[in-house]
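Structure first, commentary second.
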Amino acid sequence: MIFHMSLRSNPMLRKTNLAVWRAWQSWKLGLHTSTVGASPGPGPWERSEALSSVSTEKPPHTPVMLKEVLQYLDIQPGQVVLDMTFGGGGHTKAILNMVPEVTVLALDRDPTAISLAERLAKDHSGCVKPLLGRFSELETLLSNMNVQPGSIDAVLLDAGCSSMQMDQAERGFSLSKDGPLDMRMDGERYLDMPCAADVVNTLDQQALASILTAYGEERHARKIASAIVEARRVNPITRTQQLASVVAGSLPAAVAYARKDRLHRPAHVATKTFQALRIFVNDELNELHAGLCAAQAVLRTGGHLCAITFHSLEDRLVKRFLRGDDLSNLDHYHFSPRNQGNRKKKLMDERRDGGSVHWLPLRRKVITPEKDDVKENPRGRSSKLRAALKL
């Protein structure tokens, strides 16, 4: 089982998520005896649908804050750029169109995205070099290409899942489209990697509530976790719409209809639940931290970093990494509403004078999309961009 390597190796993180850790240990033992996940890969939740070939004919979604990314990366002809989340390729295509003779290393953990990168590489001979892997695998991938530390001129890191993944119902990311409850970004590579259906059908109530609180900042985590456990006693929860209905039914109508997004539009009550499960299944916060460390290692002095995030957990991590905080124990940065005030005070007390010795912010405040950009690309409404120069 390769799931959550960093969870196993980080004692403090394991302590914070003790209920989750114990539940996974029990489940892993069960894998060798019989029932849950007895068959390799997809297992009993009919996850083979998620591994079916997907159409890539639909144009990729508009890249987030493209103008700002190009401005702060400040790419010059002949430079080497690392796009750490290729996705649909929108940012990379814009870079290639704007700057001649640039080389883009296109990384993504999703094989579907890499297939698009390979197509782009054929159209731009020698300018695009696809790399299939996670942030935590980047050092090895670059070493295999003889790319030396400190040799890259600009890095773009676009966290979270891509619009392409959201648009494919069979991937299980979307609330609006029914599909198998999967949510794995690279399940095709790791067939024994648990999916979201495994999580909701296997972990106990306490563990589920811990996940929803830590990764979704869900105030009603206990009620939702209780409803999931009750529902799965009748039938396993294997579809996205099925889970969304369970979550919606667990809360009073006043709560469900009160939720709004950043555009003050009605937001589905299960949004935070889906976010939490996706982050947990893909180990996204640990991968994001690994990506930031890798970016720091590969950038040359004076190189530019742009990091785009889509929710507060990611943005806090990026902000504090660029500030020079010690993030070796990521459990310290899994906030809950109860103690965030005390933690914020402690962090302010511990902040070192002079800021980070590794990064110089290119703009003091976080960058958010302009109103016109949000209208054109509503999915980017929650995005935040932080740009920095490596010292």
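Cβ from N, Cα, C; glycine included.
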Practice task
Choose the correct range: of 326-347, 348-369, 370-391, which one does TrEMBL annotate as region 'Disordered'? Give that range.
Solution key: 370-391
Completion exercise
Checked against DSSP, the composition of the region 'Disordered' (370-391) is 9 helix, 7 strand, 6 coil
